[in-house]
Amino acid sequence: MKTSNLGYPRIGSNREWKRALEAFWKRELTEASFLQQMEQIRLANLQKQKDMGIDIIPVNDFTLYDHMLDMAVMFGLVPKRFEAAKNPISLYFGMARGKQEAVACEMTKWFNTNYHYIVPEWEDRTPRLVENKPLTAYKEAKEKLGIEGKPVIVGPVTFIKCAKGYLPEQEDTLLSQLVPLYCRILQELEQAGAQWIQIDEPIFVTSLSEEELTASKKIYEQFHKASSGLNIMLQTYFESAEHYKEIIQFPVQGIGLDFVHGEKTLDEMRMHGFPEDKVLGAGILDGRNIWRANLSQKQELILQLEELAASERIWIQPSCSLLHVPVSAKHEHSLPQELYNSLAFADEKLEELRLLSSPSQQEAIKKYDDALYLLNSSPARNRTEVLWEVEKAQGKDLKRNQPYMNRKQKQQEVWNLPLLPTTTIGSFPQTAEVKQARGKHKRGEWTKAQYDQFVKNQIEKWIKIQEDIGLDVLVHGEFERTDMVEFFGQKLNGFAFLENGWVQSYGSRCVKPPVIYGDVDFSEPMTVNESVYAQSLTDKPVKGMLTGPVTILNWSFVRDDISRENVCYQIANALQKEVLALESAGITMIQVDEPALREGLPLKKSKWQHYIDWSVNCFLLTTCAVKETTQIHTHMCYCDFNEFLGVISKLDADVISLETSRSHGELVSAFTWQSYEKGIGLGVYDIHSPRIPEIEEMRVMIEKTLEVLHEDQMWVNPDCGLKTRNISETIQSLKNMTAAAALVRKKEAVS
């Protein structure tokens, strides 16, 4: 039995990767210095895995921004709007981040994770192999570190399914163009002496048709014919393989399966067996969560696997790339001991593999498992009053007290908003000044009173800016918040926070998800003071701003001793108390953001309805107790919502804002065949790009939207919060946005 890894975090032990990227973008690093720093991080990651005794080490899992962007550039799939780039690295980052003259490529979630990838665009281009990146990575590891690496590459079926810019009937043609390029990659690796390549096909855990499955097998037959001396590990993850019986017959030398999230994987193996001539890549450790594994249970699983596959043909490994967890728990110094002892980040998971691979570690394994018992029996996980409240809430019929049209009329009587009301999503720039003030407060250099006054000054400044710009519905700016999930976790019982628990979200943006380790409950109002102060400064409505229960769940590391559904109900029960506190304090517009609701959908459609039912109920539990005059807003971003509008309607929010700018208004087409009566704002510009949108392009987008939406239901807003933008571009972009709305409003009034 060997140990294998599928991928390692890119960001470095102390986010060196992020800092190098941002320094390069600010022109504080030359290209040569930047690439040198990236090489140092990349080689350090590999050396660490070698030192930990991992037998099969992945290479080409590292990237300068995103692995799917790497694939697109490697195959020459460069949109025409970026052809004027001065050099390859300018082209690469232009596609990722956009330029003033070119909108960035679309960004969306990598399956049901919180990692975002850059969506490849075809644009009727014929792909070509610009560079064999896996070969470059393989040679680097071998020549500089003596590591016989396992190159990793996204498979052709997954790559095509995750791309855009082609019609369904073109898929076979595009695959036929890609396959020879993959064959060349494999042949060159074989010639260089590579023994294995890991081809990631997570799309194989979703519902492929029989025709797609047959076509996929033919692709791998071509791979085998082209490079019979190179071993292929066909790697699936995030769920059980949908067509297990057929996939194990593919002409490859290894099959990687998820035994953590793939509930049916072991049963499928028992029913259909496992080929004697293949290696089993057994994903037995959770690559997406931070908890220690129960190693005694994992030993039992290994014994069961050894009954179905020969021990010498088993690789034990994480369930997926460790990209989704922090690097190491050794930097965490302030957690309760029973919690700290129950954590396993990337490095600790590799250590777990080492323990499991050695028969002499039985005593260490027993001691290791004792920590989990101590956490599960702690008071934090056994709060009976929380369990009672949640059980009571789960038995209720959750709905607003008036239908939408009744609420709409009463809310308009209160605020008398114009057509196409303008607003923002919530946050304003987190400037160096804001971050420095927060740091002073955290270090004890400022008192709470000093920090609170600073936040008030920022709120006052930005209320005036919003009024000067001419926005119709204002926000307080969220200057007191570091992160939209972390902020609420810090004020709710049952959460803990990591000092260095960073994971990559997109590009250089790293997030530090909270840890939900105990029963969640409300302690005291969390947002009321800032919202009430902001409202006191203006006659215009100011939205109260909360993060919704499903997003808090999906953007946290969640305890795994009870169901995610039950954890979400606990969060919703706590947030309902905050919503009612805001309403009691006079806040009559309350936004409950759910950007992560869609991403939480299970990968298998057979599991969708159960998830939809409880996630909608959790949103309603949070919001449905308010008066009909209180307007509930929500916001979603980053996902393909075309088939999700029916679910959005069930949330019964009065207004929803959706991200559409990077997808160039494609979501608008969904309204040509689906009806939606409630208020809706389709984001008119991309906040993830540093470019300032022109008035004309936003005017066109608004008018395009009005072709499918009624004028009295449309709102105008950016596609997401503005915390990562600078002040000048934020103000100018919002001025252009309100000007575009005014032009269309004037036109609509005349017509």
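Cβ from N, Cα, C; glycine included.
TrEMBL labels come from automatic prediction, so no person has curated them.
According to TrEMBL, the feature domain 'Cobalamin-independent methionine synthase MetE N-terminal' maps to 3-308. Among the features that TrEMBL reports, 5-methyltetrahydropteroyltri-L-glutamate binding site is placed at Arg15, Glu16, Trp17, Lys18, Lys109, Asn114, Arg509, Cys510, Trp555, Glu599. The feature domain 'Cobalamin-independent methionine synthase MetE C-terminal/archaeal' is assigned by TrEMBL to 420-742. The annotation Zn(2+) binding site is assigned in TrEMBL to His635, Cys637, Glu659, Cys720. According to TrEMBL, the feature active site, proton donor maps to His688.
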For this session: Please give the average pLDDT for the domain 'Cobalamin-independent methionine synthase MetE N-terminal' (3-308) in this predicted model.
Result: 96
Exercise. Within 10 Å of His688 (active site, proton donor), Cα to Cα, which of the binding-site residues Arg15, Trp17, Lys109, Cys637, Glu659, Cys720 are there?
Worked result: Cys720
For this session: Using the structure shown, find which entry in Lys109, Arg509, His635, His688 (the recorded positions) has the sparsest Cβ neighbourhood within 10 Å.
Result: Arg509
Exercise. Under DSSP, is Cys637 (Zn(2+) binding site) helix, strand or coil?
Worked result: coil
Exercise. Between Cys637 (Zn(2+) binding site) and Trp17 (5-methyltetrahydropteroyltri-L-glutamate binding site), what C-alpha distance do you get in Å?
Worked result: 26
Exercise. What's the CA-CA gap between Cys720 (Zn(2+) binding site) and Trp555 (5-methyltetrahydropteroyltri-L-glutamate binding site) in angstrom, rounded?
Worked result: 16
Exercise. Arg15, Trp555: which of these binding-site residues has the sparsest Cβ neighbourhood within 10 Å?
Worked result: Arg15
Exercise. Near Trp17 (5-methyltetrahydropteroyltri-L-glutamate binding site), which residues of its chain come within a Cβ-Cβ distance under 8 Å, counting only those 6 or more away in sequence?
Worked result: Arg10, Ile11, Met38, Ile41, Ser508
Exercise. If we check Cα distances from Glu659 (Zn(2+) binding site), which of the binding-site residues Arg15, Lys109, Arg509, Trp555 wins as closest?
Worked result: Lys109
For this session: Sorry to bug you, but what's the C-alpha spacing from Trp555 (5-methyltetrahydropteroyltri-L-glutamate binding site) to His635 (Zn(2+) binding site), rounded to the closest Å?
Result: 15
Exercise. What count of other C-beta atoms do you get within 10 angstroms of the C-beta of Cys637 (Zn(2+) binding site), across all chains shown?
Worked result: 27
Exercise. How many neighbouring Cβ atoms, not counting its own, are there within 10 Å of the Cβ of Glu659 (Zn(2+) binding site)?
Worked result: 26
For this session: Name the secondary structure element type, per DSSP in three states, that contains Arg509 (5-methyltetrahydropteroyltri-L-glutamate binding site).
Result: strand
